[in-house]
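The annotation transmembrane segment is assigned in TrEMBL to 7-31, 436-455, 467-489, 495-515, 605-623, 655-675, 729-747, 822-841, 848-865, 938-957, 998-1019, 1039-1065.
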Amino acid sequence: MKRLPILLLLLWLCSVFYVGIFLFVGGFLLVRLEVNRTSSCADVLPPGTSGNRDFCLKEPRFRRAVILIVDALKADFARYDPRNTLPRPFENKLPVLDEMASSRPSHARLYTFRADPPTTTMQRIKGFTTGSLPTFIDVGNNFASSAILEDNLVRQLGQAGKRVVFMGDDTWVSLFPGGFHRSLPFPSFNVKDLHTVDNGILQNIFPILEGNDWDVLIAHFLGVDHCGHRFGPDHPAMAEKLTQMDGVFRSVIQRLQNDTLLVVLGDHGMTDTGDHGGESQKETDAALFLYSSSGLLLAPSSQVEPEVVPQTDLVPTLALLLGVPIPYSSMGQVLLPLFPLNTTLGVPLALSQEEALWINVKQVNRFLETYSNMATDIPADSLWHLRAHFSQLSSQYLSSVHTGTPLPPALVVSMQEYLSSVRETCRASWARFNPVKMACGLLVLCGACAVCYVLSELSSVVLRAGVLKPAVLGGLAAGLAVAAVRLFALGSAEASWGLGAAALGSELLFLWRTWRACPRGRLSPRGLLTAPLLLLLLRCASLLSDSYIISEGRVVTFLLFTLGVYVPVCLNWDGFLVPAPPADAQKPPGLHSPTVPPSTVRRESTFLLVCLSVLVSCLYLSLSFHNCREEQGSCQPSAFLMPLSRLQDSRVRNVHYVLSLVALSAWAFLLHHWLRHYGNLNGSGVARFSARCLLPLASVCMGLHWAVSAAPEDSFRNLAELIGLARVVMPRVSFGLLGLGLLLLWLDPLMVYLKSRGPPSSGGPMPPPRYRASTGISPQAELHHLVPQLYQRIRQSLEDGSALGAESDGRPAVEAYGLGTVYSAPLVLLCGLLGLMLLLLHPEGMALAFLMLLLQATALLHLHASTCTLSSLQSHSSGFSVPWTPVVLWSLAASQFFHATGHLPTFPSIQWGAAFVGFPQGHAGTVLPASLVTLNTFTSHILFAVACPLLLFWPLVCEVRRTRSGRSVAGEDGDDVAMEMKLRENPQQFSSALLQLAVRYLLVSGAQVLASVCAAAFLRRHLMVWKVFAPKLMFEASAFVVSSVFLLFGIALVLRVDVAVACLFHRLLPENSR
């Protein structure tokens, strides 16, 4: 068997997929590190002077503020053109903004308010409250929370004692939990609802304005955004919404007092179709309107004002105008016209323009230094230039202060340039797509899928031709060449481009060399036109639909049911499900069609339909364990997802606990029974020790852990310390036992027992062995599940008297228990141990879901085995190749049980509690908790990937079922059923079939990753890209990485067993008989 070539091919193929995912994600996902530090009034920003603090020194210009956010208030919506006599529905509908800005220029200003991509509501709220550049992935310390962890305006206003009242979009409540003096949130998800949120605000905003129980009022309207999503901007409904907003603005302005600042803004714009999320100007340009009845602009009218205000600039401006510190991570620049010059009279206590700007510069520099010490994504040369620029500004500013001379205008301009440079540097690092890198990643993934298909059809050719080495070497040469060109041309060699060139080059060389080595007619595109692959194509195409992804759990269940029903339908169509008609008696005997007893066919068909019934039942029951997405409205999550300790009703808690124990016991019993049934528990050995002792002992510890975890905190107070200790010790002991079992299984995976036997009686059939295994296996099972000759070569050597000796009648002197399941038994035990370890990371109620997973996987294996049996009985086909249908079924089952174990491709659905199983006090680092959460999230993918080789072995394991009544299936010479030993007799076919199975599974999983990548790339400006498509991409890519790693582990265990079997034969056979 070609062990090393198989592993190397799979490792290379997985690496190519990883490179493609890495390239695309590097160009698509926007990542930065959160700095969880907070500004305060006592801060002294370096370079400080004499320890004087910088914030909260002077009286604020405004005591109160009203902030009205109109979601998707596009800049075009706020403009007014009196010459436009035939306005479109979104034009000239907000005349109040232009009226105030033109009639009272010193009291009002209207700006274009430019957002940074991604232009989604949650990210934009983060942008104009923190002053930073939010991205899709904000890596913070508390990755379990959706709340904004960075310093923000809401937090600063609360720390300053201001009463912040919020109403509108309920997103704010999750982003700022506990941050409001009073909140009136309204549900925001239903984009077809144009009025609920807006009407809820209108019912409350004016009474609150007329009262005194507020200092800052925030109202977030959603009607305009929902109207755009539902109808688009060019629709009469948009005119009605904008007209309603115009009336709201007028009413609010009439109620404002002199010490109140009005801020009207849009968080983002929208495209001509009403969508947003991308980086086009129509999506990034919103409106910003500022108004104060006491006067807004204190600078001379000759001072130049900005035409476009970045969203980040609002944060430091509002902070200093309201007298609170600028949030720590803000990179915005204050709007200078809103602050007085030193020579301006009438506002002696307010910050001047120079003072406000200098505080702003020092605050941004502090953030830049802090961030650069925590992360390395800002280029070193850019960082050096920014530091030098700030040093120059500091010396000039401090020199002017010490000498008492006014700041030169050039210094003010230089400070503004510094702030702009910092913002642009960070924007370039954090907030942009890289289309070239995305396209390169997409191309590499397409090539990887093509290689998978070719390799799955030509696995034997590839193993014989040895095309991998030239392909890898050629790819490495291409990668080094690209890196060298970039190094000499650009001065830097980014690793991602070299990896991409190496991956793409190796793929092309592999395909070319395989094509040259391929015999004519072996590879045809018609192979793609099969029912399972067409179903896979349908699933991949459906990933372009957000509604499909939202309902994916039920849809995958339906697809799995459909393909499962297709199996008997296809067999019946081919005439394999029912006995063949009797041979034509008129034909000569030599021309009669080979037939099998009808009872054998009926028995296999009945067993197949029983397996299908079990599969359908498990599919139906598994729907009871699903979780709910936010978009699914009235959906109720499964009660089994709730930990027992949270159940208030003690009777319900006890019932759930008993059901969980029953499921846990059934899991351990079924695995133990299977291993015992096939003789793999006979004898002694570390693997058998794991199955006999460690598996049940770990199950007992898990049951005890669930018991102590289910105890309410207010009960058993006298035993609180003991219960707390048990909550730590029990899961750790379980982890230790299961981990020890996995280690022992890898060290000695052979679960075969050899024993000598006495001479049989002369003549007559071979009697049952006198020796009985300690497991109590029946004599009938011994006869059916042992290979007494240690297959043909050992038998011949024993008959020659060259191994362990032979008897006078030439019968073998050795019996081998478990040799027929030599490959599958370690895999079954591995899945049992690994499954219990993963179950420990889930809520207790998920034990029932795990039992459904075990039953469904067994049903799929037997469905596949019965299909192979029926096909081989009547068509006499040979070979070990696993068809596409069971592989696609296996992959769909992994996706289906991802949902049936309470998981969803959304970040809120991640079961973060898994990180604290056995570690209730937390962790010192992040590697262990992240690993535990990853294992919990991708449990189904792990189990089905590591068990994938069973699809190859199970039809051979089930051969024994055919021999009990259909004796003619055995060899004509009376040889016993060899089961998995057939693979050892055909090492070339074994290697080819194992490689083909692994590659086909990788192709099915990789095709889904490719579909998710295409969806994210093509729909990157879609409304749901950051809420649906991007999370789906991340989960699908992560699932592929995890499942491919465990698939390699499963394949490696098979190869490890093959090595152990070879060593066993090496010990038994002398040199001259090999």
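Any Cβ shown, glycine's included, is placed from N, Cα and C.
Contact between the transmembrane segment (848-865) and the transmembrane segment (605-623) is present: at least three CB pairs lie under 8 Å, with pairs separated by 6 or more positions in sequence.
Contact count against the transmembrane segment (729-747) (Cβ pairs under 8 Å) is highest for 1039-1065, out of 436-455, 495-515, 655-675, 998-1019, 1039-1065. Between the transmembrane segment (436-455) and the transmembrane segment (998-1019), the number of CB pairs under 8 angstroms, six or more residues apart, is three or more, so the stretches are in contact.
Long-range Cβ contacts of the transmembrane segment (495-515) within its own chain (Cβ-Cβ under 8 Å, at least 6 residues beyond either end) map to 12, 15-16, 19-20, 22-23, 26, 437, 440-441, 443-444, 447-448, 450-451, 454-455, 458, 461-462, 465, 467-468, 470-472, 474-483, 486, 523.
Same-chain neighbours of the transmembrane segment (7-31): 117-118, 135-137, 139, 377, 430-438, 440-445, 447-448, 451-452, 455, 462, 468, 471-472, 496, 499-500, 502-503, 506-507, 995, 998-999, 1002, 1006, 1009, 1013, 1016-1017, 1020, 1030, 1033-1034, 1037, 1040-1041, 1044-1045, 1047-1048, 1051-1052, 1055, counting only residues six or more beyond its ends whose CB sits under 8 Å from a CB of the stretch.
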